[in-house]
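Undergrad: Have a look at this one.
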Amino acid sequence: MRFAWAVLLLGPLQLCPLLRCAPQTPREPPAAPGAWRQTIQWENNGQVFSLLSLGAQYQPQRRRDPSATARRPDGDAASQPRTPILLLRDNRTASTRARTPSPSGVAAGRPRPAARHWFQAGFSPSGARDGASRRAANRTASPQPPQLSNLRPPSHIDRMVGDDPYNPYKYSDDNPYYNYYDTYERPRPGSRNRPGYGTGYFQYGLPDLVPDPYYIQASTYVQKMSMYNLRCAAEENCLASSAYRADVRDYDHRVLLRFPQRVKNQGTSDFLPSRPRYSWEWHSCHQHYHSMDEFSHYDLLDANTQRRVAEGHKASFCLEDTSCDYGYHRRFACTAHTQGLSPGCYDTYAADIDCQWIDITDVQPGNYILKVSVNPSYLVPESDYTNNVVRCDIRYTGHHAYASGCTISPY
């Protein structure tokens, strides 16, 4: 019994030296994190940004030697075309193997090449290792990534962004008719110039403005508005003299005969404003420049006596190419830089804009004549002045107005 207890107590003590002397398997040190690798670089406002990653690096496929042979799984070597191989190099594996001692006597400070994980359909792993080793010997440095450039087209110093009708970056919310054609249909630089385009301000011939009588006849109507909503129009003297009395209040109403207008330049030259650019007037209410003292004049005449029954007013809107016929391109905008009307283009004024009316608050119901004159004072030379006036028959009932018989008249 005593012997059994002695064996149980002394047995573990005798095994301790044996366990200490036994060779222990060395543990591999923990893998150090791989080096950061630059993958993406871009430039913004003069600052260079880089995106670094620890992920695997994609190796593009290399061109193989056509005389190389691939070994089949059965051991026979035969010449056959090889398919591309996708290579991935892992930074963590490279750093771990570099610190592992070499069993074949290789110098410890000499790192092994990075491990590559590959996939190729139709080949065995042994043949893949041979191909990977050959590619490692002939592998060249990967090309540098191309420098990023600004994707926005270069702007011209002598051109304003708001004045280029072909600029797709132009802010055009204030005018829905601006840039309504495809902005990328820019004429080619080496092609023949279209009529009225690319000839600058020095052209042969003269402009010829012609108002559209049918456009006026189709959309003439009567509207009542309060003086509160006519404050901008009152600043530009678009109302009758009775609207400027001292006893007029904001909730008083005015009766307006509204009508649209569309003027075409059917001449061979640009219609440019009569005033120089430095003398254009800025109107803060309507947020545009007036480049002419009087572009149009509106009058309401008695049908029998041809006398003026409603006080007309001057309409000195800004000039621009609202739309053009097929084959012509817009070149002028309603800005402080360029204003005008190109040949083959139209300057359109809708009936619902300010000052596109005649104040008929003091006019009695009856038959009248609406007279719309374009370039009435002949401030800009034209090739023909006999087609600058439109006359329409107006029947006013006190609440409604009916337009008919609109034609072009020489007077």
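For all residues, glycine too, the Cβ spot is worked out from N, Cα and C.
For reference, Swiss-Prot lists these features for the protein:
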CARBOHYD  Asn91  N-linked glycosylation site
CARBOHYD  Asn138  N-linked glycosylation site
REGION    207-411  region 'Lysyl-oxidase like'
BINDING   His286, His288, His290  Cu cation binding site
MOD_RES   Tyr349  2',4',5'-topaquinone
Undergrad: Looking only at DSSP and grouping its letters into three states, which state does His290 (Cu cation binding site) belong to?
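TA: SS state of His290 (Cu cation binding site) = strand.
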Undergrad: Relative to the Cβ position of His286 (Cu cation binding site), how many further Cβ atoms are located within 10 Å?
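TA: For His286 (Cu cation binding site), the count of other Cβ atoms within 10 Å is 17.
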Undergrad: Over the region 'Lysyl-oxidase like' (207-411), work out the mean pLDDT and round it to an integer.
TA: 89
Undergrad: Write out the long-range same-chain contacts of Tyr349 (2',4',5'-topaquinone), meaning residues 6 or more apart in sequence whose Cβ is under 8 Å from its Cβ.
TA: Pro260, Gln261, Arg262, Phe317, Gln356
Undergrad: Return the count of C-beta atoms lying within 10 angstroms of the C-beta of His290 (Cu cation binding site), excluding that atom itself.
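TA: Cβ-Cβ neighbours of His290 (Cu cation binding site) within 10 Å number 22.
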Undergrad: What are the other residues, in sequence order, whose C-beta lies within 8 angstroms of the center of the C-beta atoms of His286, His288, His290 at the Cu cation site?
TA: Glu281, Trp282, His283, Gln287, Tyr289, Phe317, Cys318, Cys334
